[in-house]
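Undergrad: Copied straight from Swiss-Prot:
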type: REGION; residues: 21-48; note: region 'Disordered'
type: BINDING; residues: His112, His114, His193; note: Fe cation binding site
type: REGION; residues: 140-164; note: region 'Disordered'
Amino acid sequence: MPRDNMASLIQRIARQACLTFRGSGGGRGASDRDAASGPEAPMQPGFPENLSKLKSLLTQLRAEDLNIAPRKATLQPLPPNLPPVTYMHIYETDGFSLGVFLLKSGTSIPLHDHPGMHGMLKVLYGTVRISCMDKLDAGGGQRPRALPPEQQFEPPLQPREREAVRPGVLRSRAEYTEASGPCILTPHRDNLHQIDAVEGPAAFLDILAPPYDPDDGRDCHYYRVLEPVRPKEASSSACDLPREVWLLETPQADDFWCEGEPYPGPKVFP
């Protein structure tokens, strides 16, 4: 990559991502997909320092640095033939991918995971609400805690679905704008998240390290947070975080898909 002082900000971000995530290509494989509570895979020497530098660069990034004009909100409903989310590909190596997701008004990227991956998300315009979660697994080859027989949900689950329910934890739910620092995920912390556009369109830069690769155990899985049936007299503590939740893996929703669109910003060179 060019090393002159006139390099664009996105070029410097890509260069720093190369340093931060070098050697991360290849991941940890499918057998580690559910190891959300185990020790984190060892990273290259200097990883914390390089990650801090990358976070600092991302914090500076704005939509105009990528020649992206903020989309305007519309009161018209989204036509059913248009994707709710689009993606601008910027750059990718075996170690990381770099691109921009653009969400239309009132749309969401459903709850999903990032097996064995680090991620960094920096809002470029608009506001997004990010709910961060993790699966709670026993580790050591043991099965995760089973769903108590008396636990019921609304709507009710089928017997096969009950067998697939897994415990999880909702760690945080916060809103991010272009003035916010990046949202960070690791293989074992905040690895699942849902992203909602709040009061209008939004866009964010996304770094995933290493990129998704189903052949190497890094496929994207979607989840639903189950709503437990609570006694009427039970006090609600839904706002208390972190809190335990029950998760059910689901197929990708029919009303969610993502299509590509051209990236208008400065080119990133190897």
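Heads up, the Cβ atoms here are built off N, Cα and C, so glycines get one too.
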Undergrad: Just name the most isolated of the binding-site residues His112, His114, His193, going by other Cβ atoms within 10 Å of its Cβ.
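TA: Each of the binding-site residues His112, His114, His193 was scored; lowest Cβ tally within 10 Å is His112.
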Undergrad: For the recorded Fe cation site formed by His112, His114, His193, which further same-chain residues have Cβ atoms within 8 Å of the site's Cβ center?
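TA: Residues close to the Fe cation site, other than His112, His114, His193: Leu111, Asp113, Gly119, Leu185, Asn191, Leu192, Gln194, Cys220.
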Undergrad: With DSSP helix as H/G/I and strand as E/B, how many residues of the region 'Disordered' (140-164) fall in helix, strand and coil?
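TA: Per DSSP, the residues of the region 'Disordered' (140-164) fall into 6 helix, 2 strand, 17 coil.
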